[in-house]
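Below: one structure, written as structure tokens.
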Amino acid sequence: MLQFITIPNLMDYRVTLKLMEDYVNKVISDNEPEIVYLVEHSEVYTAGTNYKQEELLNYGDIPVIYTGRGGKFTFHGPGQRVIYPILNLASPNRHKDLKLYIKMLEEWIINSLNYFGIKTYIIKDKVGIWVKVRKGEFAKIAAIGVRVRKWVTYHGVAINISTDLSKFSGIIPCGLENSLVTSLNQLGIHIEMSEFDKIIQTEFNKIFK
């Protein structure tokens, strides 16, 4: 069974990035076992490889870090669970298929949120997991941005639990102008991070056996 490592304190994004990259190298060179990091970051805006500078609107005192993951700008901060699976897609029980991997991540998040009775949506050409908040309007509750090196995955998923959603106003999230974001709290669901972690770990192990 996969090992989940929960980092208890707010983590600087740059420290986490080095942690991930170092472990990816160990998986590649030393065949270290797969792991999943569960992290909560201090406030940061991150840019994926497809970002446009004009999508960074007003970042104030919040640091901006340019990463190697897919996607565009997003926000990480307290109250958001960020999950970094480091999986070896070249191993016998996996598949060398990045699209399939992302589809499995989507299925895992959908199943986890379904636990709370939240109906979720995947919208064509809009990466992430969405919920309907008003007639004809959808808000993103989870972002996905991954990278693969020699078929070992890193970066991952960010799910808004009790995130300060106002911080997303400093960017055009994921390059989608006028897009909305939401959280479990905003949807009326209040849960401790540790309890949420139990659910996502259970559902993760069902998908990534």
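Cβ from N, Cα, C; glycine included.
Feature annotation from Swiss-Prot assigns domain 'BPL/LPL catalytic' to 30-209; the stated evidence is sequence analysis. Taken from Swiss-Prot, the feature substrate binding site covers R69, G70, G71, K72, F73, T74, F75, H76, A143, I144, G145, G156, V157, A158, and the record attributes it to sequence analysis. Swiss-Prot lists K140 with the feature site 'Lowers pKa of active site Cys', giving sequence analysis as the kind of evidence. Summarising the annotation, Swiss-Prot assigns active site, acyl-thioester intermediate to C174 and lists sequence analysis as the type of evidence.
Cβ neighbour count for F75 (substrate binding site) (all protein chains, 10 Å cutoff from its Cβ): 26. Neighbour counts of Cβ atoms within 10 Å were compared across the recorded positions R69, K140; the minimum falls on R69. Secondary structure from DSSP puts G71 (substrate binding site) in coil. According to DSSP, A143 (substrate binding site) sits within a strand segment. Residues R69, G70, G71, K72, F73, T74, F75, H76, A143, I144, G145, G156, V157, A158 are the ones the record ties to substrate, and the longest Cα gap between any two of them is 15 Å.
Predicted-model confidence for the domain 'BPL/LPL catalytic' (30-209) is 92, expressed as mean pLDDT.
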